[in-house]
Each structure stands twice: as C-alpha cells, then as structure tokens.
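First up is the structure itself, then whatever we jot down about it.
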Amino acid sequence: MINVDSKEAFDKTRKLLKEHHDWMKGTINLIASENVPSPAVREAMMTDFGNRYAEGLPGERVYAGCKYIDEVELLTVELAKEVFDAPHANVQPASGVLANLATYTAFTEPGDTMMCLPISCGGHISMGKKKFMGTAGAVHGLEIEYLPFDEEKMNVDVDEAEKKIAEVEPKLLLFGASVFPFPHPVEELVDTAKAHGARVAYDAAHVIGLIGGKQFQDPLREGAEIIDCSTHKTLPGPQHGMILCTEELKDDIDHTVFPSVVSNHHLHSVAGLAIVLAEWLEFGEDYSKQVIKNAKALGKALHNRGLDVLCPDLGFTASHVILADVTEHGLGGDLEQRLEDADIVLNRNLLPWDIREDRHYKNPGGIRIGTSEVTRLGMKEAEMEKIADFIKRVVIDKEDTGKVAAEVREFAEDYQKIHYAFESAVQAYDYIDVHAS
Ligand SMILES: *Cc1c(COP(=O)(O)O)cnc(C)c1O
C-alpha cells in the first residue's frame, strides 16, 4: 500500500535538506571525524562522474566511456603520491572501512591474527572482533589481539606491546585509532613486528590531513608499509577512502581493492579527492598547524574552566582531537544531547576505563572534541576560548540550552566562509539549488 504522496515526499526531502543547511550555519561543529569540503569539492561531487562506471584501473577498464575519468584518476593518484610522499596510491576504496578491508584481504587469511587497539582505547569498529560485529572479525574472519595501552599517556604501551607482538606473532599489526591525540609508536615497534612476520599498516582515517600537512607523524618513513584512510576527516575531501603503500605492495593492493571490495568506485568522489589534494599542496600545512594549535588551545581553555580534559601533562593533544572525562558533570550521552540542544555538535565517547566502571557506549564517561571544522571556518585560539565558555555553560553550569543556543547562533554568523581553499563564490553551508525552485 502506498501512503506517501510523491510530490509531497519530493518537496519534503528537499525542505529537510535545506533546513539541515540552515541549521549548520548556526551551529558549532566539533565532531572529530567531520569537516566541510570546499565548494569546488562539492561541485565535483555533483558532476556526471557520479553517474558513471569505471571498474578496474585506468587503461584496463571494464567499461567504455572513461577517457576523462581515466585522466582524473591518474591525476588523483599523482597528487596523492606527492602530498603524502608515497611510492604508490590507490584512490578507489569507497570508504575508510573498505580501505581497511582491502588491506585485510590482501595480506591475511581468515583465521589469522591481527593486533590493533580495542574500541575502548580508540580502536575503530572496522578493526573489531567478530563478537562485536567488527569488520575484521565478522567480515574477514580475523582473530584480534589488542595492543597494550597506557591510559595515562593515551597511547600504545611500547614495552608491553613489544612483548605481546613477540608472543602473538600477528600477521598484521594495525596502528591508528578514532581517538588519536598522539602519534603512535610505529618506529619503536616496526622491527619487532617485521621480525615476527607481521605486515605493518597504519589507519590514518582521522589524521591523514595532518600527515599531508606534515604536522603529525610520517608513518611511511617510520616503517609502516600501508596507510589506510578516509578522505573526509582532517582532510576535508569527499566521503571516500584511500590506500598508500610501498612499491612492493602496489600490485597486491591494486588487485584487491578491485575486484574484492569495490566494483564501481564512486568517480565523482575521486574527482573531489583530486580537488582537495590540490588544495592540500597549497594550504595543507597552514591548515594543519592551526587545527593542532586550536585543539591544544581548546583543551587548555576547557581545563581552565574545570573540565577534566585528558593528558594535561602532555599538552592535551598533538592532533585535532581532545577527550574529556565528564563523569563529574553527568554522562557523555546525556551531555551530548544537551550540547546539541545548544547547537554545539560533538560526540560522546568511551573512556578506556568506562567498561570497568560499568558504563556503556550509549552513555559513556567521555566526550570527544575535534577542531577540524571550526578551523576550516577560520577560527583561531581566541575563538577556542569562546567555544570553551559555551561548553562550560552547558556542561558545568547547566545553563538553559535555548539561551546558549541563541548566543551560539550569533557567534557562528561570523564564520561562514571556507578558509585554506582557493576563492569561491559560495559559502561553507550554502544549499546549492540546482533544481531552482
Ligand atoms: C572513521 C574511521 C574509519 C572508517 O572510515 P569510513 O570512511 O567512515 O568508512 C576507519 N578507521 C578509523 C580509525 C576511523 O576513525
């Protein structure tokens, strides 16, 4: 039975999209895995490339009609190699999860063991065990052993990890995380891992923009053989994935991504990736420096206002993200909702000790705060003080969220333009009305 009126549904969907755009204009977005692409990237995403197929590599396509598509993909690969100083790049994974799955598929068999971080310590669900329906366990059949973690330093415990790698002899060691405040000890562990037969990969979904801006670690130089990533977190590209690797692993990666994990690889996203990588050559370094300065400044500003931001002794972070234990003021899920009511958008997050203390991911003890998007809008350290005030008023002072929201909307009005990009006629959250109604 059809009880949806077609024109009504058509109009309603477009209305909701426009309302979302209007809402974004008045919010402060601190989601650590998000960013805003430039209008040029958004334009690429709307092109006819998004309607085409091009299975296989440029020059060996399974489809006709690819002459421009091939040129763009070859250019994207060249740009990626240049931005990340990588021997090889594959720009076909449709997402970060699929980049990880391609790496698992290329270098391990079901039943093999991978070592990585657990979700409570920042690991991503794509690295998860079968019992949690994680991609590694549930899709590729990997056994997962956790890297030992130092909760004080919010990082891999090098001495314990060295022992455990020697004991477990994993086929794959995967660095990287979704809460990634400090560089992982790749250099320190790579020899042990390789001596015990492991391939060494690094999931840079969160930090690839900072790596491209030369402001975080340099995993390929430190001994990692593969970098898997998303292209839309600290790198403000389209939602897509990418793999960088050594020359030696090039064919294994290229011949696994297609046909194992993609058929069509979203050609409009590849084009959008070319655009953001070109922007990165020009603006990546300045942007990355400011993102990190802002994250440190926001950590300090919140700490000074009484919030328990982790790792004060380490300057709170060396990336775009900070983590705060909010249990003195409530729970992460409840505070996430209160903050959203005040038009401040961020995530609740598990703390490494939450499970031990009987808290659950639905209402954990932490909140995760990222500075990628606010930096893209031109905010600097002075604005971090203002954002810290807003957060304090909601989380600690329990002020009326409607009252704070009104002030947040007024504050946000001044930050509507995309910075660290070539000039454009459109603002960050403008709805681009092609249908013109
Ligand atoms: C976000 C993320 C992914 C997955 O990326 P998608 O592009 O959302 O599929 C993988 N690994 C880590 C560490 C992440 O944070």
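Don't overthink the numbers, they just go from 1 along the chain as shown.
Each Cβ is built from the backbone N, Cα and C atoms, and glycine gets one as well.
These numbers come from a predicted model, not from an experiment.
Some features that TrEMBL has for this protein:
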type	residues	note
BINDING	Gly123, His124, Ile125, Glu247	(6S)-5,6,7,8-tetrahydrofolate binding site
DOMAIN	15-391	domain 'Serine hydroxymethyltransferase-like'
MOD_RES	Lys233	N6-(pyridoxal phosphate)lysine
SITE	His232	site 'Plays an important role in substrate specificity'
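TrEMBL feature annotations superimposed on the structure.
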residue	record	DSSP (3 states)
Gly123	(6S)-5,6,7,8-tetrahydrofolate binding site	coil
His232	site 'Plays an important role in substrate specificity'	coil
Glu247	(6S)-5,6,7,8-tetrahydrofolate binding site	helix
Neighbourhood of ligand 1 - recorded positions from Gly123, His124, Ile125, His232, Glu247 with Cβ under 6 Å: His124
For Gly123 ((6S)-5,6,7,8-tetrahydrofolate binding site): intrachain residues, at least 6 apart, with Cβ closer than 8 Å: Cys116, Leu117, Tyr146, Ala177, Ser178
For His124 ((6S)-5,6,7,8-tetrahydrofolate binding site), the number of other Cβ atoms found within 10 Å of its own Cβ: 26
When distances run from the Cα of Lys233 (N6-(pyridoxal phosphate)lysine) to each of the binding-site residues His124, Ile125, Glu247, the nearest one: His124
Inter-residue Cα distance where the pair is His232 (site 'Plays an important role in substrate specificity') and His124 ((6S)-5,6,7,8-tetrahydrofolate binding site), in Å: 16
Intrachain C-beta neighbours of His232 (site 'Plays an important role in substrate specificity'), sequence separation six or more, cut-off 8 angstroms: Glu34, Asn35, Pro37, Pro238, Gln239, His240
Per-region confidence, the domain 'Serine hydroxymethyltransferase-like' (15-391) (mean pLDDT, whole number): 97
